[in-house]
Amino acid sequence: MVKEWTNDGMDLNMGCGAGTPLSFLCHALLLFQLFSSSCRGHQFQEPAPPASFKFTYSLYNATIYENSAARTYANSKVKMGISLTDPLWDIKYRIISGDEDGFFKAEEVLLGDFCFLRIRTKGGNSAILNREVQKHYLLIVKAAIRGEALEAWTKVNIQVLDMNDLRPLFSPTTYSVTIPENTPLRTSIAQVTATDADIGSNGEFYYYFKDRVDIFAVHPTSGIVSLSAKLNYDERNQYDLEVLAVDRGMKLYGNNGVSSTAKLVIHIDRINQHAPTLSMVTHIPSLMDSDPIYAIVTVDDLDDGINGEIESISVVAGDPLGQFHLVRTGLGGREHRIKLAKTVNWEDFPYGYNLTLQAKDKGTPQKFSAAKIVHIENPEENESQATFEEDIYEVGLNEFAPPGVVVVAVKLKPEPQNVEYKLSATEDAHYFYINPQTGLITTSQHIHILEREHFALEVINNVNDMKVRVVIKVEDANDHTPLFHQLSYEAFINESMPLGSSVLIVSATDNDQGENGYITYSIDKLNPLPFVINQFTGVISTSAQLDFESSAQSYRFFVRASDWGSPYRRESEVNVTVHVENVNDNKPLFEKVDCQGVISRGFPVGEQITTVSAIDVDELELVKYRIVAGNELEFFDLNSDSGVLFLTKALDSANPKDGLFSLQITATDGENIADPMFLNISLGHGKPTTKDYACRETGVAKKLTEKLLKRVKVNKSKTEDLFLDLYSINRQPPQFDKSFPSQVAIKEDLPVGSTIVKIPASDADSSFNGKVVYTISDGNADSCFIIEMETGWLTVLMPMDRELTDKYILNITIYDLGYPPKCAWRLMTIHIQDANDNKPRFLLASYSVSIPEDTMIGTDVVQIEAMDEDLGRNGEIIYTLLTNTHQFAINATTGIVYVTGLLDRELSTNCTLKIEACDQADNGHQQCSVVALEIIFVDVNDNAPHFIPSSYFVKVLEDMPVSAVVTWLEAHDPDLGLGGQVRYSLGNDYNGKFEIDRTSGAVRLSKELDFEKQQFYNLTIRVKDKGRPISLSSASFIEIEVVDVNENLYAPQFSEFAKMATVKENAPIGTSVLQVTAKDGDGGRDGQIQYSIRDGSGLGRFTVNENTGRAVVKV
């Protein structure tokens, strides 16, 4: 094949030396021209007129190969020289400058009317051109005409072309690398480097290994060495390789000599690439935990095989006494738990421990994790963080509170598990009881009998040293009766005391406070009394005029002291006796007044005439009578004691005025003088008169009798000494009504504070004796209930949980507030009915299951189970699959998850399902829980490996060295394990021209290529996995195009520089003119020559046979 040099298609080679290339253009210019040894015109032609003398260009470019032999001509793309305008010119060329080393010589060649300038190497010079020393020469050439003064100058730029005279050299010549045995295939592990000072294709070379090496591959042009098979340290731990650099030009010229050799030593390291890594989660256990866990430690190692296995985790510091150890748990043993190896006295380690942990693997060499510190907190310190909800509990307590009344509930917050509360042994502690589980404090005695205003308790717990004070202020109740300062009161007063006079003062006190201790007084009387009492001061005073003679001589009555308390007043009474003393405050009163009678003159002297009578109601002294007027003549005498009137003198001589004695008689008790009465005695004649006198009755006697009878009646009336206070006696005990509910059912979710039932009870007594208070004296173990002391309402105190306790038997005790108090009790059974207060609880926090990816539709995968502690419908569970998937479903009743669609691990390695378990509560809100189910698809060999890409097309230079990698095959098999491991093979290797590495997929050239023999190869390739029991495979192809390498090393060479011929002017078309002959040193098609006319004055007039070189007339 003839192929022109790309950079000299228009070059002219004017050289005449043997073996020097000569272009077709040169011959076209020389044909039919006259040849001359110098540029001198022909003598027979007419002289031409003078013309300009100059080169065709001021600068010419020419090329010549380095190492050219003597008399080798430089080539130029254009004609160098001067056109002859005068045929007589004899032109000579000479190099003026630019050739300091004397490499070149200028020659002239005359062809027709043009004198060519030719530059050639000198002969006999030992020095040769060397492009690597100098690649450009700028020559200044002078042209002169012999015998004339005309001169011309031009520049010729000579470019020295490269010849493949140098070989590639390695630098450095020795390479050493170390790679781990787990280095992935196709990894670049080293690069060898060689250089060639030649340029272009002359500087190109190939790398390859001296000896066949299958485990490594070297890129022929880059020198990058890559891994093409798996390493095994145990089989071989070092490779000593020799890498050759082959000059491509030498190979083309048939010389396979090696320019340079480099040694490559590859060391294989047994690799334990990753050190273990520790991660941990600390945990603060409760002091109640029987086997506490202080931290959970997870260790990971990213290495494969034994290098990734963990030998141990150790406490390397921080535990000098060996009180902790690690317990391996979990799948694969990668999880460890820090637990106690010995009992720890945490008081000696108040701030806990700082344990330093380190893990080591089983690899070679063994690797240790970075030391990691885990802080083990003091659980007692942690528990001490629990504090009581209040810094101090201050509560009030009704003074009427009987035993069993709720005082307050104390709580730790947050409340540790298994905490127990206890009252410190203080002087007040035995008056109260605390529920150790709930912290509820209740009374254990009647409070009012303790006569205390407050109590101070101290509550401790078994978890930490926290204490809390409970101050109980006793709220005053009306539990005290007013007490008089004296057991009885007595006073003496006289009947003449003025109205409103103070008789005496009674006084009482009440130990209660406020209105409960505020006292008012009153007189308890069944009959009217002449006394009143000031209700605030207790002063008793007269309210009526006293009269000893007509009233009682003494008064006995009760004064009542009442407080203002609630709900009832308390009262007490005291006996008061008031004695009335008689005083002489009445004058005598005559029974009869204005008496008239007759006495005869002969009435015997000394005879009783009549008797006057006066009554003194005071009865203190005898009444004395006397005549105060009308007895001046002393005819009469009145006995002062008896009131008998006697005649003391005969009346014979009497001569009263108007015959009438008018006596004025009075009576006296010694102090008071009665109003005088008049006794008119008429003096008559005749016989002695009767003693009867006519008088006006005053009624004094009757009045006195009535008064006396009245006083007797008052004195005989029953005094109230034997008065019994029926209201102060506690006769009846309290009683439960017949409607008392002995069985009560309530829902467990009844809110705190909700009322349950009102306890029906009563007491037939009145006042405080009939006041009923309520309490729970037993059975309230969980402190869930409280009864309102005064109303009897049973309410919820703390949340209930049927799942812990489904029944309570409460002892309901009632008391009255009498002295002493009476009580009664009944048992009440509280049945706790189920409420939907529990969510379904899955047996596991999460589920994980592995199934083959080819599991058949309908196959059961796993049963998810949840428990609900509620009863009935509240505890019935329905399972629902929340995740939207067509691959799985769940049986709503049994919780069995089963397959409903085709599985494919290669599309998804696992599937996480959200499963909801809901109870079937009829009323109220359903309770639901959700759990995650991870279904891991276990790989089966269900995928054939496939090539990436699906087919290959590569171009390979025909001079590619044997064992060079043509291409790398890559196949992907999404299966795991053996099912995902692939092996490559060739379906046809073209008689061993190609081979493939079964593991890496490297396709190598095993024999040399020849473009001229075969330009394309189509290799069938197969990939097969190692699945068991059936392996799967697929096929593809590699289309390899052989790229031609330019082997056209030599240009055609004419046997003559110029050839001359003649032809008649009337020669017919097709007349043979001359024969040119050229030779080509290449073989084959590169050595086949074609002829053509490119330029010259005969262009278009002649033609040349492209195969024979015979020139003929064209027109």
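Cβ atoms here come from the backbone N, Cα and C positions, even for glycine.
Since this is a predicted model, take the numbers as computed values, not measurements.
Copied over from TrEMBL:
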DOMAIN    56-170  domain 'Cadherin'
DOMAIN    171-278  domain 'Cadherin'
DOMAIN    389-484  domain 'Cadherin'
DOMAIN    485-590  domain 'Cadherin'
DOMAIN    599-736  domain 'Cadherin'
DOMAIN    738-842  domain 'Cadherin'
DOMAIN    843-947  domain 'Cadherin'
DOMAIN    948-1054  domain 'Cadherin'
DOMAIN    1055-1109  domain 'Cadherin'
Open item on the list: Using a threshold of three or more Cβ pairs below 8 Å, and leaving out pairs closer than 6 in sequence, do the domain 'Cadherin' (1055-1109) and the domain 'Cadherin' (738-842) count as in contact?
Closed with: no
Task: For the domain 'Cadherin' (171-278): best-contacting stretch of 389-484, 843-947, 948-1054, 1055-1109, by Cβ pairs under 8 Å - done: 948-1054
Task: Selected stretch (most C-beta pairs under 8 A with the domain 'Cadherin' (1055-1109)) from 56-170, 389-484, 485-590, 843-947 - done: 56-170
Task: Tally of residues which DSSP labels helix, strand or coil - the domain 'Cadherin' (389-484) - done: 6 helix, 42 strand, 48 coil
- [ ] Could you tell me how many residues in the domain 'Cadherin' (843-947) are helical, how many are strand and how many are coil under DSSP?
- [x] 4 helix, 47 strand, 54 coil
